[in-house]
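Below is one structure, written out as structure tokens; comments come after it.
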Amino acid sequence: MMSEDAKSPGPRTRNIIENQLFRRQRSLKLEALQRQRTLQGDDDTDVAEPFDKTQIVIIFTEKAKLRHCQDVEKIIQEFGIQTTLEIVGNTEKYLYLSASLDTLLRLADVAELEKKTTTGSMQKFNNGCISDFLLPGMGKDQILRYCEIPVLIKDVIKPSIKSYIQKGYIEDMFPLHDILYLDRFKWNLKRTRLPIEDIRNYFGSSIGLYFGFIEFYTKALIFPAVFGILQYLFDLNLSIVCSFYVVWTTIFLELWKRKCAGYSYRWGTIEMSSLDKPRSAYQGQLKPDPITGKMTLHYPMRYTYLQMYCISYPVVLVCVVAAGWFALYQFQIEAEVLADFGADSWLLYVPVIVQSILIAIFSWAYEKLATFLTKLENHRTRSQYDRHRVNKLMLFEIVNNFFSQFYIAFVLQDLKQLKYQLMMQLLIFQLLCIAQEIGIPLMAVLRQKYVKFRHREVAPEKLDNISDQPRYEQSFYESGLDAYHSTYEDYLQVCIQFGFVVLFAAVAPFAAIGALVNNVFAVHIDMFKLCNIFKRPFARRAKNIGAWQLAFELLSVMSLLSNCGLLFLQPNVKEFFSHWLPSVPDLSFVIFEHLLLGLKFIIHKVIHERPRWVRIGLLKADFETSQALKQLKKFKTEANKMA
């Protein structure tokens, strides 16, 4: 064993450029090796195979002794997982995990992954009937996706090593990036569509659905962007504007449901339910499951409801009221500035700018609070946890971002100030998003621009303790990257942007153009960050975008009401209805608003949320399952007669 004090490497690098240099060198080596083996006709190459290579790296803390590392290794080996333990130094202890194809298929059977059968339907994978899942031209090694392999290994070993994580012996556990596969996600100017299937195969269905949604939403923005230009050039009647955005938002959201159903059916997640596997942070007592009979964690729902309605939502209400009060206080400051310095002073811009920046700060702080409250509620599945977390966040975000606009529009009734406030907040919101998406990574790169000259190979004295130098180098560098937690921040930005586009479209015709241009670049920046700035996340299964769908639909209904309200604030509209309905002029607003709600409802009913081919596929799967059960019962009956 080497001297740990003399050969400790110090803190892990968090250097982006150094990481990129290493990845490029490693990629070139792999490509050269692959070409060499192809020319030699070696069919046993494992460069492109996802099996028998390191899938997961476990990093131990300095606190962990050799016996702790070996105990963890023995526990993992009991599940048929292949392990390699490397003790490089006191601060560097790595356990590399991989698995054979047979082991992974066995784990996939236990996990009941949905896979496509030779009949074209989706069924739970059965390792005893592999031939049913081998499509034409398909081998056993193509049944599992890249994203599924690390998750299968993690799910089977994590409960058994949880005590070592809680005691502080294990610092981190993450899947390694596949450097050759990442080349598929490079920015290609010739590509007109995102490689959604490749994204799902590598990152999982949750991230795949996010990129599928952002691509669909960006393309849908073309219509309001063109309409906004026409609205500005021809000064279109606001009733036409209201009608257009009701139709557009409804069709966009309904068509996305169909698109999402197609994705989730192909990816085997469409039948996920609240009875799925509990999330890792779920706490409870082990009891028999009422459906399967297996011992699973259970937690009384009454305690969850007590936490929600007696603690969480009262706290949320206080935060919402505080956000509304702050928005009103800004108008008082503006009035004082106007009185002291006059209408032409540049100081009038200061309150709006400060408010826009504080809105972003309040959103960050409230997100931490909402996460803490939702954790206390102890929801069983990840989808339930995300839904309740997003519900809290959207209540606050709508008030935090849009309360001042509603106050200006319907209390002050100042459309000129509304347009100014809206465009200023949208501009600062987009600038803050750009700063977050581009500025922070760029600053990290610029701050360390000379690091490439300090890039050096692994110290020779370490090589005796390293069995695979490229694997060690990749694990060392990727361990210094930040962890990717979820798509929450990305969805939130898109949702707020959607609110800016539709809520007051009558006075902001160019908001859709700004959103369209922003999204064209933002989606590629998001992909760059996933591939280069963050560790590779464990894939999460999802059948839709969850509570974000409800958030977008809520904003769609709110946009109908707000734009109708702006229409009836117009003096000519008021005079028209006061002339024809002098006794009840406000009744005209209710009639027009209900007509648009009726139109929205009709579109919702006409467009089915699942395509016909998906409905046929689900019915076909149910039919095959029932037929299989009949055959099984018939076989058991005949066997009993023979006995």
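In case you wondered, yes, glycine gets a Cβ from its N, Cα and C as well.
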Where TrEMBL places transmembrane segment among the ranges 236-256, 509-529: 236-256
Contact ranking winner - 207-230, 303-326, 393-412, 545-569 against the transmembrane segment (236-256), Cβ under 8 Å: 545-569
Close approaches to the transmembrane segment (303-326) from elsewhere in its chain (Cβ under 8 angstroms; 6 or more beyond its ends): 355, 358, 362, 366, 369-370, 373-374, 376-379, 388, 392, 395-396, 399-400, 403
Residue numbers, six or more beyond the limits of the transmembrane segment (346-366), whose CB comes under 8 Å of its CB atoms: 319, 323, 326-327, 330, 333-334, 337-338, 393, 396-397, 400-401, 404, 420-421, 424-425, 428-429, 432, 492
